[in-house]
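Sequence annotations record features per position, and here TrEMBL assigns domain 'Ig-like' to 1-78, 83-161. According to TrEMBL, the domain 'SRCR' annotation covers 164-265. Taken from TrEMBL, the feature disulfide bond applies to 236-246.
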């Protein structure tokens, strides 16, 4: 709830108080969000509950006394600007070892409080700047910038993807627990999706372990209707440290595969 005060001078026996917003009269009797009161014939207040965007504006109060004469005909109250947040660009892809520096542009009537949070709700930065000196795979995910004022709050998001350096055998994927496509650097130095033919819980376990997470919560599949080029079949026992330690075989030429996806636990080992 927000209270807008208007001090009244030289008014006795106030009989009516009418509030206007941007020239339109407000009706507290029909809109329960508004409550108009007068204290000791010296202070008129307007209380607004459940603040909305349309409540922003210039407020004028007209006070009438017992002689039906208008005193203190208008008191202008310039209502605060609600907070806003914007991150541009809203997504970025970097490699392991790169630095990340992103600014959340904020606006609104202060005091403003700005924080960055990770997907698990942990606060990762106070203020409008998110800085990661050396990105690792576990930094991948969606970060939320929240700017708050005494009146309201606003949010903007930043989606960061961190890829391993493309060295043959390296694996990349999300490390924030979301269902994610798994890609492996092939012999040509190109990131390619894995073919999930015969994709098993053991394979997914090794992927999550290599990405820095515990056992996968689930293994899911997605069928695609296209030819996978440079795709690789992987077969793991489940105790390997990385996919490069597993047995890999090249699929038949022009083989149509499903995409290998995995959902890892969000708890970092």
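The backbone N, Cα and C atoms fix where each Cβ goes, and this holds for glycine too.
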Count the residues of the domain 'Ig-like' (83-161) that DSSP assigns to helix (H, G, I), to strand (E, B) and to coil, and report the three numbers in that order.
3 helix, 47 strand, 29 coil
By Cβ count within 10 Å, point out the most packed of the disulfide-bonded residues listed: 236, 246.
236
